[in-house]
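**Student:** Input: one structure, supplied below.
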Amino acid sequence: MADSAPDRYVLLLVPSAIRCQCRCVVSHRAGRTDSRLAARCAAVASVGAAVIHFAMSPTHWNDWMPSGVFFAAIAAFQLVWGLLAWWRANGLLLVAGVAANVGSAALWVMSRTVGAPFGPHAGEPEAVEAAGISVLLLQCYVVMGAGWALYRRCRAEEVSAIGRSLVLLGATSIMAVAVTVGLASGLQGHHHGVEAEAGHGPTTDEHLGDHHDEEPTAPGEGAGAQTFDHHSESSVVPGIVVVQPPAAPAAPPAPDDGGHQHDHHD
């Protein structure tokens, strides 16, 4: 019975040694596992979201200074997080990335549905633009990649070099497209509210000016004589004398019984 005690300790130590050796192997191959690959995809998406946030910061700064500060801060965080996650993604860094991007995405959804909780446009839903959608998709990509890296840390499996290259190429392509669309939409201007401003048509004076150009008057016309619009041949305007070519001399008027004479050439 006394000899069984050392054997019992050996049986307890062997599994622990095997687990430690497995962890060392996983740590040594961390760059070739799917968890590491997921973290790098999340890092690429985070850098893309940071680029769009940096580009939109001046517009939000002009709209409301605290909003511009927030955009610059979240952009700086996403950029630094992406660089760190690419080289060394530990558990704390992954959790921080998930929490920050979930909070940012939730704030964007709130501002487009019920309006921002504070600020000059509080309670007014903002317009949904391509820039915001691009950032939202990239942040969701960060959350999924970081979450997968956390989940697979203890279940990591080796990924081939071709597989890593294809996945990273796809992630970079998606990020480039999202950033291009987001910048193209965001640089056109940031609009608050769900209704766009109505366009203004030409004024009445401009419209009339196209059809009522002044024409030179003939010599000998009175100051009150005016020309008619060439579009209105049969128009008769009271109080305006129509100038006609000189007619042949008329016969002397016959005397009227009432002492009144009528001139038919006025």
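Using the three backbone atoms N, Cα and C, a Cβ is placed for every residue, glycine included.
Those TrEMBL annotations? Automatic predictions, nothing curated.
Sharing the features that TrEMBL gives for it:
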| type | residues | note |
| --- | --- | --- |
| COMPBIAS | 193-215 | compositional bias 'Basic and acidic residues' |
| COMPBIAS | 236-245 | compositional bias 'Low complexity' |
| COMPBIAS | 246-255 | compositional bias 'Pro residues' |
| COMPBIAS | 257-266 | compositional bias 'Basic and acidic residues' |
| REGION | 193-266 | region 'Disordered' |
| TRANSMEM | 37-56 | transmembrane segment |
| TRANSMEM | 68-87 | transmembrane segment |
| TRANSMEM | 92-110 | transmembrane segment |
| TRANSMEM | 130-151 | transmembrane segment |
| TRANSMEM | 163-184 | transmembrane segment |
**Student:** Cβ under 8 Å, sequence separation of at least 6 from the ends of the transmembrane segment (37-56): give me the contacting residues as numbers and ranges.
**Tutor:** 71-72, 74-79, 81-86, 89, 94, 97, 101, 131, 134-135, 138-139, 141-146, 148-149, 152, 159, 163-164, 167-168, 171-172, 174-176, 178-179, 182-183, 186-187, 190
**Student:** I'm a bit unsure how to read this: which one of 68-87, 92-110, 163-184 has the highest number of Cβ pairs shorter than 8 Å with the transmembrane segment (130-151)?
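**Tutor:** If we count Cβ pairs closer than 8 Å to the transmembrane segment (130-151), 92-110 scores highest.
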